[in-house]
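Below you'll find the structure, written out as structure tokens, and then a few comments.
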């Protein structure tokens, strides 16, 4: 694993010591090269995890997430070039350094063997993200957004620290590989209930669960584009990844404790999808759609069947790429019109036809069109939820319909219809933007040819 | 949680200083201190606007979707209709930038306040028709919860235009056009397939005129047109305050400042016929705070110029008119301030309560003001005698030499009158054709105009606001087609001129 971490750390001196006109090119190219090396992790020689050392390992669950994380860094750098043009040089380098630090922490989170290392890195990812949101965001509300983001996640994860220390004391180890075989079944006592809650709440806040989701629209909307991308694509999946790692140790208590969260997620899916239909701010719409998709992942993880686990992992990767692409598209709109309100920028297909193609593809993948991996994820989750309880099909079916509605609403409002007068002279799309969209959508479409690499460890 | 508790604490139970002053003696200072501490804590917690480093509450926000330059009746009308026509509540953020919150030099409040439909251009007639319908139902349009209803003091006494021999044919044609205007003007509470009658104007011969208004001297008058309905005068200050109140309740932000700079970017493009054009787009508006050098760059998507008499200067800031003359780039916005005097006099034997706003063929006009035999009036000077628009000083000799003779000739009772007061106000005078400029600019893509109405802006403000809001939101005029009033007519040379007698 050091073969990823050390080059990523070395990206920092690369940024600071490059010549002025080469910082973007250098950092983007080198991070792209590093991301290609992450594909090596896909070859797993046996059913056990691919162990690199006592500290790092990777298995078919963390591998796709790791590849997604490393793939996203060059994309984030490409997306940020435009809004950082006017900044002084040191600030540009600082921004890139923040992204690289975040990347290092994320790699270490996804590959940590010890749960304490996982926890430390989990919390450490908050710091560069907070800096990015509050320093480089666009509106004054970003301070509020940063505070919400920080405190929601911190307060959620403090009990996790306590629970992990307790587990270390009782089990003697927090090494994930050993924990799988060493845990005792938890009975339904009060202290076990609290321990279950302590373990899960951090990840519930991160996902986010419907009742604890208030930080997400604020943080996503106020963050600059790279912040939004990494938040939507990777940081939310940290919660899912954590839940998938921790639930094997919490059996069989999960069957009893999961009910309220299942209900919240099922209801929250529909609620947040409906809110999307009433949104006027484009980024806010995409943020709420993220909550809706992640609610599906939460329900899948909580019912703990093989199909649902496969659906959850697929959905995480698919949503990561789709949401990140939608944020990039919204940002390309914002850079031209300087407003995020949807009704002020309509009928753009006439002016930016190729961007309209990317909008179409992103909206189609967002509404889970077959045969994309979004559909595979949603379908697996739906089927496993149906077998868990027949009635959930009503709620999930409603959610799918409303998801389609708001994805098409977003597409139609921004692309089709009569354009307003003040979009007449939009600067044509840059090649950089087209590359960005292509690099998002090509992995997404290619994965539909071979989805088994993202189906997770239970495939 | 803490914040909610604090807010409940600052609720009706403890109104802080307000209630504290009603209590006696020793508890007074303590309650005040407690409420101040609570206010400080509440502002520090997340969500408060206080920042320990520097207080920016007097500055406008850093970002706004629409910036309206000018907070007079036209600017507020555009803001009102934008908020009214947006598809969902709170969709668009609007900022109104007004330099002078006392409106001491604004044309709106210094106006005589008349409204008429007797124009010659159909668009002007339709604008006034909708505006008077807006004014009649103003308490349905501008209702704010818990605020008293507005009393516009609308006097529907009508306008009386007098025409000499030469102007009689023009007046007849105009009246025909006025009567024809009708159709759906989008009024409140009317069904869409009811065809509205046009303007109700009646033509009178000198004999009929003498019989109806015995105080008029009909010498030199060949024809008169008298508006029977929907014409008269009202209180412009009341309309302004009503709009301001309503617009603030709908969420529009007000900013006390002056626009000093537009930051824009240009795109060199080619038309389909191969000509090169440079389209510009405004990214930021720099708003300077009053009496200080501090300014705030407001990032915006759309700018609306409704700055009245100073619209020409604002347009120049945006680079409109900077180019070789004769090209579209070199076409300036031809709106400049022109000073007009209004005199208030008392005449005990003057016309009674039925007196309309009388417009003499010479250009002098007067109307009744109040119930005590006071009258307001004025006269538009010719081009050569235009007063200097540098200040709003009143020239009383102008009344003696220019206005009084015409008044005395037309109404013999005015030979004995005493001027009580006078003031001066600006017309946002469109030197091209004295009609408004509405709609987008062809080259500066996200700039819209709502200015240049040369003296009849107040009466058309509600309708113009709606038209501009429609162009901004839908891309075209939907209810009243104001294409003759677009900016491009200055370049194409198509004058939308009023064939009126004044």
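We number each residue from 1, going along the chain as drawn.
Positions of Cβ are set from backbone N, Cα and C atoms, glycine also.
A TrEMBL annotation is a machine prediction, not a hand-curated record.
Annotated domain 'NADH:ubiquinone oxidoreductase chain 4 N-terminal' per TrEMBL: A:1-109, in sequence order. Taking the domain 'NADH:ubiquinone oxidoreductase chain 4 N-terminal' (A:1-109) as a whole, pLDDT averages 91 in the prediction.
Residues or ranges marked as domain 'NADH:quinone oxidoreductase/Mrp antiporter transmembrane' by TrEMBL: A:112-403.
Taken from TrEMBL, the feature transmembrane segment covers A:21-41 (among others).
Per TrEMBL, transmembrane segment is recorded for A:61-80 (among others).
Taken from TrEMBL, the feature transmembrane segment applies to A:92-110 (among others).
The list of residues near the transmembrane segment (A:116-133) in space but at least 6 beyond its ends in sequence, with Cβ under 8 angstroms from a Cβ of it, reads 55, 95, 98-99, 101-102, 105-106, 108-109, 142, 145-146, 149-150, 153-154, 157, 160-161, 164, 168, 174, 176, 202, 219, 222-224, 226-227, 230-231, 235, 238, 242, 245. Taken from TrEMBL, the feature transmembrane segment applies to A:116-133 (among others).
Under 8 Å from some Cβ of the transmembrane segment (A:145-167) lie the Cβ atoms of residues 115-116, 119, 122-123, 126, 129-130, 133-134, 137, 174, 179, 195, 197-199, 201-202, 204-206, 208, 212, 214-215, 218-219, 221-223, 249, all in the same chain and six or more residues away from its ends. What TrEMBL lists as transmembrane segment is A:145-167 (among others).
Taken from TrEMBL, the feature transmembrane segment applies to A:194-216 (among others).
According to TrEMBL, the transmembrane segment annotation covers A:223-244 (among others).
TrEMBL lists A:256-277 (among others) with the feature transmembrane segment.
TrEMBL lists A:284-303 (among others) with the feature transmembrane segment.
Beyond its flanks by at least six residues, the transmembrane segment (A:309-331) meets 61, 64-65, 68, 72, 75, 79, 83, 220, 225, 228-229, 232-234, 236-237, 240-241, 244, 282-283, 286, 289-290, 293-294, 296-297, 300-301, 340, 355, 358-359, 362-363, 365-366, 372-374, 376-384, 433, 436-437, 440-441, 443-444, 447, 451, 454-459 of its own chain at Cβ-Cβ distances under 8 Å. Taken from TrEMBL, the feature transmembrane segment covers A:309-331 (among others).
Sequence-distant contacts of the transmembrane segment (A:343-361), counting only residues of its own chain at least 6 positions beyond either end whose CB sits under 8 Å from a CB of the stretch, comprise 280, 325, 329, 332-333, 336-337, 411, 413-420, 422-424, 426, 428-429, 433-434, 437-438, 441. The transmembrane segment feature in TrEMBL is assigned to A:343-361 (among others).
Taken from TrEMBL, the feature transmembrane segment covers A:393-416 (among others).
Here the transmembrane segment (A:284-303) has Cβ contacts under 8 Å with residues 204, 207-210, 213, 216-217, 220-221, 232, 236, 239-240, 243-244, 247, 254, 258, 261-262, 265-266, 268-269, 272-273, 275-276, 309, 311-312, 315-316, 319, 323, 326-327, 330, 340, 342, 366, 377-378, 380-381, 384-385, 388, 392, 396, 399, 403, 406-407, 410 of the same chain, all six or more residues outside its ends. Scored by C-beta pairs under 8 angstroms, the transmembrane segment (A:256-277) has its highest count with A:393-416, from the stretches A:61-80, A:223-244, A:393-416. Mapped onto DSSP classes, the domain 'NADH:ubiquinone oxidoreductase chain 4 N-terminal' (A:1-109) shows 79 helix, 5 strand, 25 coil. Counting same-chain residues at least six beyond the ends of the transmembrane segment (A:223-244), those with a Cβ under 8 angstroms from any Cβ of the stretch are 61-62, 65, 68-69, 72, 75-77, 79-80, 83, 95, 99, 102, 106, 109-110, 118, 122, 125, 129, 132-133, 136-138, 142, 145, 200, 202-208, 216, 283, 286-287, 290, 294, 297-298, 301-302, 309, 312-313, 316, 319-321, 323-324, 327-328, 331, 456.
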